[in-house]
Amino acid sequence: MKRIVVKVGSHVISEENTLSFERLKNLVAFLAKLMEKYEVILVTSAAISAGHTKLDIDRKNLINKQVLAAIGQPFLISVYNELLAKFNKLGGQILLTGKDFDSRKATKHAKNAIDMMINLGILPIINENDATAIEEIVFGDNDSLSAYATHFFDADLLVILSDIDGFYDKNPSEFSDAKRLEKITHIKEEWLQATIKTGSEHGTGGIVTKLKAAKFLLEHNKKMFLASGFDLSVAKTFLLEDKQIGGTLFE
C-alpha cells in the first residue's frame with residue numbers, strides 16, 4: 001500500500017482566536033477515507049492557535065508562543081481523537097524537531113513507532129515540538145518537517161493542504177492574469193526569492209517554504225501535491241480518483 005504524508009497548515013484549521021472545528025471535521029472525514037486506500041501520516045500545525053483558544057496572551061512574543069504550544073498541543077490532539085473516534089480510528093502523537101532528523105538513530109526510532117502505528121491502524125499525528133523548537137517556531141509552519149517526514153519515513157508523496165491552492169506564475173493576489181502551474185519538475189532559484197506570503201497571523205509559512213519542501217523532495221525522487229485545504233475537492237479527486245482538477249503537482 002502506498003504511503004503518503006498529509007500536511008495541514010495553521011491557516012486551514014484555525015481562525016481568529018479559535019480552531020475551525022468545521023474544517024477539522026471535514027479534514028478528519030477525508031483522512032479516514034484516505035486510510036482505506038493509503039498508509040497515512042498526518043503532519044499538523046496549529047498547536048499555538050489551539051493554545052490561544054485557552055489562554056489569551058500576545059502570540060507575537062516568542063516565549064508566549066512556546067507556552068501556547070505547550071497548552072495547545074494536547075488540546076489539539078484531543079480534538080483530533082474525538083473526531084477520529086467517529087470513524088473508529090485512533091491518532092497517536094509524535095512531536096519532532098528538525099534536529100531529530102539530523103540523528104539517524106532518532107529518525108529510526110520515530111520511524112519504528114510510525115510503522116507500528118500504521119500496522120495497528122492508528123493515524124500517526126506529527127507536529128513540531130514548538131515548546132522547544134525555537135528556530136522552527138519563527139518561520140516554517142511545518143513545511144520542512146513534512147518534507148523530512150515524507151523522505152525519512154518512506155512515504156511516496158507529500159500532500160500540503162494550505163490556504164495557497166497551487167503555485168502560480170505570479171502573485172495571484174496582485175495580478176488577475178496569474179496562471180496556476182499544474183505540474184512542476186524543477187524549482188527555479190528565482191522562485192525561492194519570491195515574497196508571496198499567506199495572509200493570516202495563524203501560521204508562519206508561505207509559498208517559499210513550500211517550494212523549498214518541494215525542492216528537497218524532488219532531489220530525493222519524491223512527489224509533492226499542493227492544494228487548497230479550505231475546499232478539499234481537489235485533494236479528494238487527486239488522491240481518491242487519481243485525477244488532477246486543480247492544485248500543483250511537483251514530480
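Cβ coordinates are placed from backbone N, Cα and C, and glycine is handled just like the others.
Note that the structure is predicted; figures quoted are calculated from it, not measured.
Under the heading ATP binding site, Swiss-Prot lists Lys7, 162-163, 168-173, 204-210. The annotation substrate binding site is assigned in Swiss-Prot to Ser45, Asp130, Asn142 on the grounds of sequence analysis.
Locations of recorded Swiss-Prot features on the structure.
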residue	record	CB count, 10 Å
Lys7	ATP binding site	30
Ser45	substrate binding site	29
Asp130	substrate binding site	24
Asn142	substrate binding site	29
Asp163	ATP binding site	18
Asp169	ATP binding site	12
Asn171	ATP binding site	13
Ser173	ATP binding site	11
Ile207	ATP binding site	22
Thr209	ATP binding site	23
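Residues Ser45, Asp130, Asn142, recorded as contacting substrate, have a largest CA-CA distance of 10 Å. Distance noted between the C-alpha atoms of Asp163 (ATP binding site) and Asn142 (substrate binding site) is 14 Å. Under the three-state DSSP scheme, Ile207 (ATP binding site) falls in the helix class. Comparing Cα positions, Ser45 (substrate binding site) lies closest to Lys7 out of the binding-site residues Lys7, Asn171, Ser173, Thr209.
A Cα-Cα distance of 30 Å separates Ser173 (ATP binding site) from Asp130 (substrate binding site).
Proximity to Asn142 (substrate binding site), judged by a C-alpha distance within 10 Å, picks out Thr209 from the binding-site residues Asp169, Asn171, Ile207, Thr209. Under the three-state DSSP scheme, Lys7 (ATP binding site) falls in the strand class. A separation of roughly 21 Å, to the nearest angstrom, links the Cα atoms of Ile207 (ATP binding site) and Asp130 (substrate binding site). Between Asp169 (ATP binding site) and Asp130 (substrate binding site), the C-alpha separation comes to 33 Å.
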